Amino acid sequence: MRIATWNVNSIKQRLDHLATFVKSADPDVLCLQELKCMDEAFPRAEVEALGYNVVTHGQKTYNGVAILSKKPLEDIRRGLPGDDGDEQARYLEGVISTSAGVVRVASIYLPNGNPIGTPKFDYKLAWMDRLIAHARRLHGLEEPLVLCGDYNVIPEPKDAANPEAWANDALFRPESRAKFRELENLGFSDAVRACSDQPGLYSFWDYQAGAFQRNNGIRIDHLLLSPQAQDKLKSASIRKEVRGWDKPSDHVPVMVDLNID
DNA sequence: ATGGCGGTGGAGCACCGA
């Protein structure tokens, strides 16, 4: 089973890229972030025509997450528990049944949090606390589980081309990194790092200042695996070439292959 | 780089992203 995650920065703007990507990579499950549209406006028919079941949790203009799956999704959860007043569409979860048992997948769009010292950063940290609490419960299910998405966290200095430039950024603040570690320390492993400790593995390059041409990137899109998913981990990869396509998203797909049929 | 680009809404330019 191949599971991918991709912040598309507007699904309407990226529909051609989505089709090209799924035809070449052929993921069984694809988690999307930053749809920037409401559920009714999601290009459902076009995506279904590519061979996927579609579950969305959309919002006007901002945020929005989806899970595309060749097999049907069940036990759908829209939104992260812990704050009924939170209107932002940043979390979607579902379960896929296979001949080898179930696999649970979440599509996560963690808040950016900039600038620090404002309510936006407080919201990011509070959202991470809610994610940690929910992930702790899911971990207890002892299922293969993949928490994937745009975490907006640079875990380590080697995950940025110029880490010093990010010192005061919400993506690299010690508080953000500590909460990401807290999540990992529940017993989740960062799939890309389980496969490689090399520097220079990035999933995002800014549109500005020729960041991609200079390879001035950061790694902020992650797939965290429960122990039962780690047992099945075959490989992980970052589809860097997608950033070189015409009119790309600023993020590229990241994916894992699991030994699950 | 205190915002160089890109998307949205809606028809200016503000807001957001990372």
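Positions of Cβ are set from backbone N, Cα and C atoms, glycine also.
Taken straight from TrEMBL:
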| type | residues | note |
| --- | --- | --- |
| ACT_SITE | A:Tyr109 | active site |
| ACT_SITE | A:Asp150 | active site, proton donor/acceptor |
| ACT_SITE | A:His251 | active site, proton acceptor |
| BINDING | A:Asn7, A:Glu34, A:Asp150, A:Asn152, A:Asp250, A:His251 | Mg(2+) binding site |
| DOMAIN | A:4-251 | domain 'Endonuclease/exonuclease/phosphatase' |
| SITE | A:Asn152 | site 'Transition state stabilizer' |
| SITE | A:Asp221 | site 'Important for catalytic activity' |
| SITE | A:His251 | site 'Interaction with DNA substrate' |
Candidate nearest the residue listed as 'active site, proton acceptor' in space, where candidates are the recorded positions A:Asn7, A:Glu34, A:Tyr109, A:Asn152, A:Asp221 and distance is Cα-Cα: A:Asn7
Euclidean distance between Cα atoms of A:Tyr109 (active site) and A:Asn152 (Mg(2+) binding site), Å: 8
Length of the line joining the Cα atoms of A:Glu34 (Mg(2+) binding site) and A:Tyr109 (active site), in Å: 7
Local confidence of the domain 'Endonuclease/exonuclease/phosphatase' (A:4-251) - pLDDT mean: 97
Extra residues within 8 Å (Cβ to Cβ centroid of A:Asn7, A:Glu34, A:Asp150, A:Asn152, A:Asp250, A:His251), Mg(2+): A:Asn9, A:Gln33, A:Tyr109, A:Phe204, A:Ile220, A:Asp221, A:Ser249
Secondary structure at A:Asp221 (site 'Important for catalytic activity'), reduced by DSSP to three states: strand
Fewest-neighbour residue among recorded positions, criterion Cβ within 10 Å, set A:Asn7, A:Tyr109, A:Asp250, A:His251: A:Asp250
Under 8 Å by Cβ from A:Asp221 (site 'Important for catalytic activity'), counting only residues of that chain that are 6 or more apart: A:Thr5, A:Trp6, A:Asn7, A:Cys148, A:Gly149, A:Asp150, A:Tyr151, A:Ser203, A:Phe204, A:His251, A:Val252, A:Val254
A:Asp250 (Mg(2+) binding site) versus the residue listed as 'active site' - Cα distance in angstrom: 14
